[in-house]
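To keep things clear, I will list the structure first and then write my remarks on it.
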């Protein structure tokens, strides 16, 4: 009986359980109504952008300035906060019924984190479309360096994964009903206030820091005098990627015990330092705003 009870906690058994659970959670994520709705809306707006591009009516900032990134960031990332949080809470309720061991909780949380790759895969399809579209049609020219545009568009994929990971984190650390919705609202407000605040401030490293110290940012200012905001999209991409790692590690740390918890604690410290470095380097870049 003892050997049978401890078998799932061995490394091979845990890996097998993780693969099985990750597959189940990925399927649950892919079939969630909010995710399906987000993918459909992303598709509609993408088709509209393709039509505008083909007819020459698209705004230059959509491709050249990377404003297209708002679509996967919202429809897959922001909506993903709600999806992943609901999946995590439903899993927590079922887990309480069977009273799993700490190792089981860690495996379940890891499976949920892996399921967040589902919206990431959808975002990769979207990113592929953006590159294909740029070879099929003429993109309105802008003064934004091509490498910066690529980094901004790639950030859309990272946001599509980061939002759901945040949902898992909130679901693991809070038991308050509506925490996912509250997180969605606060995140939306945070990004909006930071974007408006950074764009209305005089161009400086401080304005860079204000607009970039968020899990999503727009790189172009609106209006007739549209300009490309200061900062480094490449370093900001590193910042976003480390935020994803922090969210996953923090969610896992909640369930870990013993040596695993210590390792995850060290991982959190390293990722935190990398995130801080990425943000500071992104904000330290030239703050000058380039007219588009």
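Cβ coordinates come from backbone N, Cα and C, glycine included.
According to TrEMBL, the features are:
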type     : residues : note
TRANSMEM : 29-51    : transmembrane segment
TRANSMEM : 63-84    : transmembrane segment
TRANSMEM : 105-129  : transmembrane segment
TRANSMEM : 149-169  : transmembrane segment
TRANSMEM : 181-203  : transmembrane segment
TRANSMEM : 235-253  : transmembrane segment
TRANSMEM : 265-285  : transmembrane segment
Counting a contact as 3 or more Cβ pairs under 8 Å, with residues at least 6 apart in sequence, do the transmembrane segment (29-51) and the transmembrane segment (105-129) touch? yes
May I ask you to check whether the transmembrane segment (105-129) and the transmembrane segment (181-203) make contact, with contact taken as at least three Cβ pairs under 8 Å and only pairs 6 or more apart in sequence counted? no
Name the range, of those listed as 63-84, 149-169, 235-253, 265-285, that has the largest tally of Cβ pairs under 8 Å with the transmembrane segment (181-203). 63-84
Top stretch among 149-169, 235-253, 265-285 for CB pairs under 8 A with the transmembrane segment (63-84)? 149-169
Chain residues in Cβ proximity to the transmembrane segment (149-169) (below 8 Å; excluding those fewer than six residues from its ends, i.e. six or more beyond): 29, 63-66, 68-69, 71-73, 76-88, 109, 112-113, 115-117, 119-120, 122-124, 126-127, 130, 180, 183, 187, 215-216, 219, 233-234, 236-237, 240-241, 243-244, 247-248, 250-251
